[in-house]
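One structure below.
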Amino acid sequence: MALNNPALSEKAFSDFKESDFKAGAMTVGGTVGKTMVLLALLMVAAVYTWYLYYQGQDVTGFLIVGLIGSLVTSLITIFFKRAAFVTAPLYVILNGLMLGAISAWTDYSYPGIVINAILITVGTLFLMLAIYTLRIIKVTPGFALGIVICTASIALVYLIDIILGFFGINVPFIHETGWIGIGISLFIVAIAALNLLLDFHFIETEAQSGAPKYMEWYAAFGLMVTLIWLYMEILRLLSKLNSRN
């Protein structure tokens, strides 16, 4: 079954040997622990740029470095899975620098919006975990394929929007604060949240299959990619709602 998140693709887990297994097998608990480490690093980096912004410093450089650096480290992690124990922490630190800058700018315009976005993101994470654990929604091949198609479509629209942005053109509606724009943001948030189900399913099944230990860092990285995306989309949605007031 193909997955939406390239960091958590089936191929990533299919090429390990028996020698990898002898070094230790991946566990769900180990992956959770490493995810918590990455989350802590992300928060520290984000708080740092947040603090600098409210000290009157220009954090644009942190945004640029974080954006480019997180893109590079994510690609390295995807293609060199064994290096995830180094590249995954670097990825979240760089992403944290970027998120801290974006969050500070947004919170300055709409005070309190960031804490709301964080709470909604955390709440969504636990809600989707409960839905997955209770099998309220079952991750079937058809379900996964639908989420993959939706996610790829969203990524394509964002890419087109970035390219058109260089020519002063925006894709209609996605940046607008009308009901259509809000509806689009709600849809994207829903797709990002449903991606968590695919991540949980993949981590569980691959741990059961005895994937090598280093894959815990890799799987934790993949889960963080989804969580960061979810937070950004929730922040975007709340910004649209606040701008209407």
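Each Cβ is built from the backbone N, Cα and C atoms, and glycine gets one as well.
A TrEMBL annotation is a machine prediction, not a hand-curated record.
Note that the structure is predicted; figures quoted are calculated from it, not measured.
Distant neighbours of the transmembrane segment (36-54): 62-63, 66, 88-89, 92-101, 103-105, 108, 220-221, 224, 227-228; these residues of the same chain sit at least 6 beyond its ends, with a Cβ under 8 Å from one of its Cβ atoms. What TrEMBL records for 36-54 (among others) is transmembrane segment.
The transmembrane segment annotation in TrEMBL covers 61-80 (among others).
Outside the transmembrane segment (86-106), and at least 6 residues removed from its termini, the chain residues within Cβ reach (under 8 Å) are 34, 37-39, 41-50, 53-54, 59-60, 62-63, 65-67, 69-70, 73-74, 76-77, 80, 113-114, 117, 217-218, 220-221, 224, 228, 231-232, 235, 239. What TrEMBL records for 86-106 (among others) is transmembrane segment.
The transmembrane segment annotation in TrEMBL covers 113-137 (among others).
TrEMBL lists 143-167 (among others) with the feature transmembrane segment.
Taking Cβ pairs closer than 8 Å, the transmembrane segment (179-198) reaches residues 3-5, 8, 124-125, 127-129, 131-132, 137, 139, 144, 147, 150-151, 154, 173, 223, 226-227, 229-230, 233-234, 236-237, 240-241 in its own chain, all 6 or more past its ends. The transmembrane segment annotation in TrEMBL covers 179-198 (among others).
Long-range Cβ contacts of the transmembrane segment (218-238) within its own chain (Cβ-Cβ under 8 Å, at least 6 residues beyond either end) map to 5, 7-8, 12, 26, 31, 34-35, 37-39, 42, 74, 77, 81, 84, 87-88, 91-92, 95, 99, 102-103, 106, 110, 113-114, 116-118, 120-121, 124-125, 182, 185-186, 188-189, 192-193, 195-196, 199, 202-203, 206. TrEMBL lists 218-238 (among others) with the feature transmembrane segment.
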Checking distant contacts: for the transmembrane segment (113-137), what same-chain residues at least six beyond its ends satisfy Cβ-Cβ under 8 A?
103, 106-107, 143, 193-194, 196-197, 200-201, 227, 230-231, 234-235, 238-239, 242
Other than its close neighbours in sequence, what residues sit by the transmembrane segment (61-80), given a CB gap under 8 Å and a spacing of at least six beyond its ends?
6-7, 12, 49, 52, 87-88, 90-91, 94-102, 218, 221, 225
